[in-house]
Amino acid sequence: MRSIIADSKRLVVKVGSSLVTNDGRGLDHDAIGRWAAQIAALRGAGKEVVLVSSGAIAEGMQRLGWSKRPREIDELQAAAAVGQMGLAQVYESRFAEHGIRTAQILLTHADLADRERYLNARSTLLTLLRLGVVPIINENDTVVTDEIKFGDNDTLGALVANLIEGDTLVILTDQPGLFTADPRKDPGATLVAEASAGAPELEAMAGGAGSSIGRGGMLTKILAAKRAAHSGANTVIASGRERDVLVRLAAGEAIGTQLIARTARMAARKQWMADHLQVRGHVVIDAGAVDKLTAGGKSLLPIGVVAVQGVFARGEVIACVDDTGREVARGITNYSSAETKLIQRKPSGEIETVLGYMLEPELIHRDNLVLV
């Protein structure tokens, strides 16, 4: 089996905290130097590389003299602010040894949820690649709280792959790849060499939290691969402990787990809706509506809605789930949650009678709806 990276032109490489720090006690300058050398080699082979790197909080903890990761959000944000300075400095100096310039870009999900800012970020990244610069991306933890609590750079890597239409997302971790079960508990667990990104059985195989220094477990990597596949990007999950892993992957050696994007690439706007807009609420839809959305490519009408969950406004993104709670689709709603509760199970012809007005006959028009 040949590595999919060998034939990839544009890569997004995500390096986890454990691979750039000394067990969370500050940055490992030598390790970062090795990553810079490998990426320089990839650049020499004609590949474009965007690097998504963790490590800011771990470096901030070291600089502030903290031995344990803090629990308070404001302290995590302070550590990120202090540590990001060191992270950028080390990468700049190590890449300079190879004659490569770097750029620091800090992003939040809110940046990518705004269409104008999304397009601006895309334009900036593509320009940097054209200029021969290696963009180094991290989440802007200093201004966001939910990303520190629940976010991870695996997800960010997938979103960046979508953003720049990367060919392959490479997630480097301290594990060899995805196993059929937890190898620490099941001696019969075997490495999954290749699978389809988004295959339901992968989520059952994965699970568990990340390390005390990092944030992402294997499940986040599987979900990241599923997101990356929306724009046609394949994913490789491999151990960053492997010697010259990036160079060997680029040479065609199969290392770790390859997750292949087998579904059709989404249209740019629908991919943006699916991955970059925050879901504000849910509607439970009946079996008939599920069939019309998944098989018929139809709009979602109020008559197909059986329940409304959460509070949302007109123009926000909501998820459509079946009676088991499985998400089927998501899209931009034409009605608020309060309005939807009044018109659920009603034919579209009765909307004006119930509300006194009719904005649209559909709850979600098919042009604003994407299957997930």
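Heads up, the Cβ atoms here are built off N, Cα and C, so glycines get one too.
Annotated ATP binding site per Swiss-Prot: K14, T173, D174, in sequence order, evidence recorded as sequence analysis. Feature annotation from Swiss-Prot assigns substrate binding site to S54, D141, N153; the stated evidence is sequence analysis. As annotated by Swiss-Prot, domain 'PUA' applies to 280-358.
The average pLDDT the prediction assigns to the domain 'PUA' (280-358) is 95. Of the recorded residues, T173 (ATP binding site) and S54 (substrate binding site) place their C-alpha atoms 11 Å from one another. The record assigns K14, T173, D174 to the ATP binding site, and the maximum Cα to Cα distance across that set is 12 Å. Residue counts for the domain 'PUA' (280-358) under DSSP (helix as H, G, I; strand as E, B; rest coil) come to 26 helix, 23 strand, 30 coil.
The local packing around N153 (substrate binding site), expressed as other Cβ atoms within 10 Å of its Cβ over all shown chains, amounts to 26.
Taken over all pairs of the listed substrate-binding residues (S54, D141, N153), the Cα spread reaches a maximum of 11 Å, rounded to the nearest whole number.
One residue stands out among the binding-site residues D141, D174 for having the most other Cβ atoms within 10 Å of its Cβ: D141. It is 23 Å from the Cα atom of D174 (ATP binding site) to that of D141 (substrate binding site). Its own atom aside, the Cβ of S54 (substrate binding site) has 27 Cβ atoms within 10 angstroms in the protein chains shown.
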